[in-house]
Amino acid sequence: MTVDLLLGLQWGDEGKGKIVDVLTSNYDIIARFQGGPNAGHTLEFDGIKHVLRTIPSGIFHKDSVNIIGNGVVIDPVVFQKEIEGLEKFNLDIKKKLIISRKAHLILPTHRLLDAASEASKGKAKIGSTLKGIGPTYMDKTGRNGLRVGDIELEDFKERYRSLADKHEAMIAFYDVNIQYNLAELEKEFFEAIEELKKLDFIDSEEYMHQAQKAGKSILCEGAQGSLLDVDFGTYPFVTSSNTTAAGACTGLGIAPNKIKEVYGIFKAYVTRVGSGPFPTELFDEVGATMARVGNEFGSVTGRQRRCGWLDLVALKYAVQVNGVTQLMMMKGDVLSGFETLKVCTEYNYKGQNISHFPYNIEPENVTPVYKEFKGWKQDLTGLTTYDQLPVELKEYIEFIEKEIEVPIKIVSVGPDRKQTITK
């Protein structure tokens with residue numbers, strides 16, 4: 001029996017989907033434990049790019065069972081479109097995908113609430129993806145939400161109507177101009193609900209417990225990144241769920257002492273989408289080059305990601321919070337061609353150098369302290385072994401390992417699953 005955990009250590013978009021895809025053959029079960037369709041996991045193989053939003057990244061492997069856990073929020077409409085997008089691969093979705101009855105549903109009015117709330121904030125917007133994630137988690141913690149298991153109840157539509165009416169009153173309270181046709185949105189929603197009913201719903205915590213007793217190997221898949229965690233991220237510019245290791249326990253019903261390996265995924269540089277502090281952000285041609293070469297555009301929103309140098313203060317913090325046992329560095333190939341690379345090793349925080357991640361990292365409080373490294377010119381995308389990597393990249397990797405005190409086991413040198421070097 002093995003229960004391992006894979007999660008992102010930055011502000012999301014680290015490349016988790018690719019690594020899950022690479023590792024899936026080692027596991028019987030891939031289980032998503034938090035987030036919703038605001039996250040996009042990008043996989044690329046055979047020259048074709050695939051973006052998954054809610055479905056776990058093991059769906060393309062014939063022998064794996066994929067679980068959507070109780071910590072996930074599901075938009076039935078988006079979910080149906082995601083399944084339709086997989087039909088061309090002739091996958092047995094009903095056999096390969098099962099859903100926790102305790103996962104919460106995103107209603108059309110959740111999305112409208114999200115838009116109304118964001119519009120009302122003016123310049124103080126937090127950069128919401130407007131997918132209804134925040135309002136759904138608010139209903140969950142406020143004990144008002146609807147769950148997947150409620151679909152099976154005879155009075156589901158009455159429960160829906162009661163909650164949707166509350167939402168409409170809240171939307172009116174915001175007093176912003178949002179145009180919508182709720183009747184049309186609800187028609188689409190209930191059609192998607194009927195499709196959702198065709199899948200198997202489970203009591204996921206019992207399923208996971210029995211799987212562990214049977215000796216099954218399980219990989220828990222996180223969405224977004226640790227610095228977006230509602231408790232440990234750069235609040236309020238965060239998501240509404242726990243993206244850290246603790247979220248796997250509450251989002252799947254797995255006991256903490258059952259988790260063995262914690263795989264931490266990070267980019268060789270840093271990106272962020274939307275608003276929020278970003279100490280190492282670059283506003284020059286270097287940052288623009290990173291975005292262009294790295295194709296740094298959100299897989300869900302399409303928004304260009306902000307780019308910056310690797311931040312070891314933030315990375316060390318994420319490693320500590322998650323108890324990471326192995327690191328995996330993504331997009332090493334994007335840094336090819338830069339004369340000089342920089343790594344933030346400390347923050348100058350209110351005039352004093354510190355090496356820990358403080359409560360407030362707004363620009364007026366934090367200035368990054370950098371160590372410079374010599375860059376490399378070599379194209380990495382065709383390399384297959386660690387020994388083939390340029391010496392400058394090896395020095396970069398070894399410095400990170402020394403500072404973080406966790407080994408880097410995988411270096412990604414391209415988007416395809418084959419462009420993955422094991423160290």
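Cβ atoms are placed via backbone N, Cα and C, with glycine included.
Feature annotation from Swiss-Prot assigns GTP binding site to 12-18, 40-42, Arg305, 331-333, 412-414. The active site, proton acceptor annotation in Swiss-Prot covers Asp13 and rests on sequence analysis. The Mg(2+) binding site annotation in Swiss-Prot covers Asp13, Gly40 and rests on sequence analysis. Positions annotated as IMP binding site by Swiss-Prot, on the basis of sequence analysis: Asp13, Glu14, Gly15, Lys16, Asn38, Ala39, Gly40, His41, Thr129, Arg143, Gln224, Thr239, Arg303. Among the features that Swiss-Prot reports, active site, proton donor is placed at His41. Marked as substrate binding site by Swiss-Prot: Ser299, Val300, Thr301, Gly302, Arg303, Gln304, Arg305.
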Let me check the 10 A CB neighbour count of Gln224 (IMP binding site). How many other CB atoms are there?
28
Asn38, Thr129, Gln304: which of these binding-site residues has the highest Cβ count within 10 Å of its own Cβ?
Asn38
What residue among the binding-site residues Gly15, Gly40, Gly302, Gly332 has the most other CB atoms lying within 10 A of its CB?
Gly332
Report the member of Lys18, Arg303, Arg305 (the binding-site residues) whose C-beta atom has the most other C-beta atoms within 10 angstroms.
Lys18
Simplified DSSP label at Gln304 (substrate binding site) comes out strand
Spatially, which candidate from the recorded positions Asp13, Thr129, Arg303, Gln304 is nearest to Val413 (GTP binding site), comparing Cα atoms?
Asp13
Around Val413 (GTP binding site), how many other CB atoms lie within 10 A of its CB?
25
How many whole Å apart are the CA atoms of Gln304 (substrate binding site) and Asp13 (active site, proton acceptor)?
12
